[in-house]
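Below you'll find the structure, written out as structure tokens, and then a few comments.
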Amino acid sequence: MSEVFDLTCDLISRPSVTPEDAGCQAMIAARLERVGFTCEHLHYGSVANLWATHGQGAPVLVLLGHTDVVPPGPIEAWTSNPFIPQRREGKLYGRGAADMKGSVAAFVIAAERFLVAHPGHPGTLAILLTSDEEGQAIDGVRKVAETLRQRGQRIDWCLTGEPSSSERLGDLLRVGRRGSLSATLHVKGVQGHVAYPHQARNPIHLAVPALAALTGRHWDDGDESFPSTSLQISNIHAGTGANNVIPGALEVAFNLRYNPHWSAPRLESEIVALLDQHGLDYTLHWHRSGEPFYTPEGKLRRIAREVLERFSGAPPEESTGGGTSDARFIAPLGAQCIEVGPVNASIHQVDEHVCLADLEALPDLYQLLIERLLAEH
């Protein structure tokens, strides 16, 4: 087929279920070093990270991706083995084909071609890969970003290869992301027999008004760039499984996706104040996954729009929707961040795939973006 097809297949065949890398980064580093990249392997705990750079000085463009994948689930549910790439009906099937080994392969091919055409390019081209994007995201880009911050590393632009397209390659340009804040609420009650409720304190009954207030709260109206903040309860657990026992405790997990009108500390304070109004005996544990970020109108967005329109045939939708990405750790370094990648319809699903035509186009798309940012005068 082609270089990008072969490299994507090579990556898919390595079962790098998070936080495993399965040799993906070593193989990529060897290729990058052959064309003049300086490669640094940053290992934190069980996580592999690769920081590869070519050139020097400003501006600095980072291509950001991950080599880990989500578990495939039952192998028998797949039409073909998820770690044996298979080409069928114009698509390449395998775990990571769309999220995001196809993009990583395209990054490498685009970088190689760019350096052939522009060996003495201005500024710095960097590639940052991690094996901890799909998992806890603690020892991956989060930790690398802190290392880069301590070194005083400047980053001007970050291009993340997450599968951002909706129906066709390049139809959507991700220009920001909402923040993510998770919490686990533990409500204490008193266990007892359901026939003697006066001898017990049912934590479910006690918590229901507070949970109703939480889910009914109108946080904000959003704005032209971000949707409104939302809170969703994801898990509730209480009881022994018997229908004649009042539980002694309740556990509720919930998550907020919030726009820049809020910060994590403000949201935490608001929720604590709301819970305190209901007189619960509770504890609350928070996990801050990342603050929101937004790339304003400027050179990066303008060039990305022009390039995507060339490939998709129409101007892209510019969006801040969807979940989180590792760009949330790069944005606080002062970088403007966008996300451009293949269609996301099959990601994290059985029979994940990428359209072969899109895969073949990705290196050209990324190379043009790199050239417009680093080599255009």
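Placed from the backbone N, Cα and C atoms, the Cβ positions cover glycine too.
The annotation Zn(2+) 1 binding site is assigned in Swiss-Prot to H66, D99, E162. Taken from Swiss-Prot, the feature active site applies to D68, supported by sequence analysis. Swiss-Prot lists D99, E134, H348 with the feature Zn(2+) 2 binding site. Annotation source Swiss-Prot lists active site, proton acceptor at E133.
What Swiss-Prot annotates, mapped onto the structure for a quick look.
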{"residue": "H66", "record": "Zn(2+) 1 binding site", "Cβ within 10 Å": "32"}
{"residue": "D68", "record": "active site", "Cβ within 10 Å": "25"}
{"residue": "D99", "record": "Zn(2+) 1 binding site", "Cβ within 10 Å": "25"}
{"residue": "E133", "record": "active site, proton acceptor", "Cβ within 10 Å": "27"}
{"residue": "E134", "record": "Zn(2+) 2 binding site", "Cβ within 10 Å": "22"}
{"residue": "E162", "record": "Zn(2+) 1 binding site", "Cβ within 10 Å": "27"}
{"residue": "H348", "record": "Zn(2+) 2 binding site", "Cβ within 10 Å": "16"}
Coarse DSSP state, helix versus strand versus coil, of E134 (Zn(2+) 2 binding site): coil
Inter-residue Cα distance where the pair is D99 (Zn(2+) 1 binding site) and E134 (Zn(2+) 2 binding site), in Å: 10
Cα-to-Cα gap, D99 (Zn(2+) 1 binding site) vs E133 (active site, proton acceptor), nearest whole Å: 11
For H66 (Zn(2+) 1 binding site), the three-state class that DSSP assigns: strand
Helix, strand or coil at D99 (Zn(2+) 1 binding site) [DSSP, three-state]: helix
